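> What follows is a single structure, and I will ask about it in a moment.
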């Protein structure tokens, strides 16, 4: 068969492979969170999953989208960020609902002040993005104030949404003002991928604190490792901005470190370190 005779077959095959790789980049990033999401729903326990993973991915992907306006990289990477943001918000919604439903006799804070003393007792204050201290005995509400002690440990999903929107608005406005600066754009891209590279660090630290990986989906970490390896190869082969390749390599190293924790804590269990009771320290990172 003449070499030209195979061209009608090779070209469509190459196109299918290209589409497949693009589809894997767009949706492959959310696949590792499916087993974790199902485990949390099944067990009604979100303590083994660090919600700071969601924070890291939300910040990283918001910055990556802003980076796209200054340096137009491949559209599958842009769509990957959009899909990931939606996925992380869904994870946060589930974890928040389950954590609040499991909390008993724990003070909570919310935006709305109670109208009376009795209502404040029946509905104790909730932790929220904008802290509103209340005096339950006197029925006095103070002015709203941001409380770092409860950052990312709020009792309502809407508070997380407000925080994300605030961050997006502020960084978006700064990016609009400095979009013509190539130094700012490249720095923004580096911050986006470096933040994403730190994805596994909250889970790594939480495992170290607990001296255990119980409650963490091992399938999720295995998918992290395989996905990050594929992603790094994709970046290199498609000559993506160098920041993306650095991000991928660093993520692979962190994934391997978490897998080492799984091996060590399962074969050489250690006695958990006791922590002093504190409202912030008793929650998942």
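Placed from the backbone N, Cα and C atoms, the Cβ positions cover glycine too.
What TrEMBL lists as transmembrane segment is 16-37, 49-71, 77-95, 160-179, 185-205, 243-265.
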> Looking only at the recorded stretches 16-37, 49-71, 77-95, 160-179, 243-265, which one has the largest tally of CB-CB distances under 8 Å to the transmembrane segment (185-205)?
49-71
> Using Cβ atoms and a strict cutoff of less than 8 Å, what residues sit near the transmembrane segment (16-37) while being 6 or more residues removed from its termini?
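Long-range Cβ neighbours of the transmembrane segment (16-37): 49, 74, 76-77, 79-80, 83-84, 87, 90-91, 94, 216-217, 219-221, 223-224, 227, 230-231, 234.
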> Against which stretches of its own chain does the transmembrane segment (77-95) lie, if we need a Cβ under 8 Å and a gap of at least six residues from its ends?
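Long-range Cβ neighbours of the transmembrane segment (77-95): 25-27, 29-30, 33, 36-37, 40-41, 46, 49, 51, 54, 57-58, 61-62, 64-65, 68, 157, 160-161, 164, 240, 244, 284.
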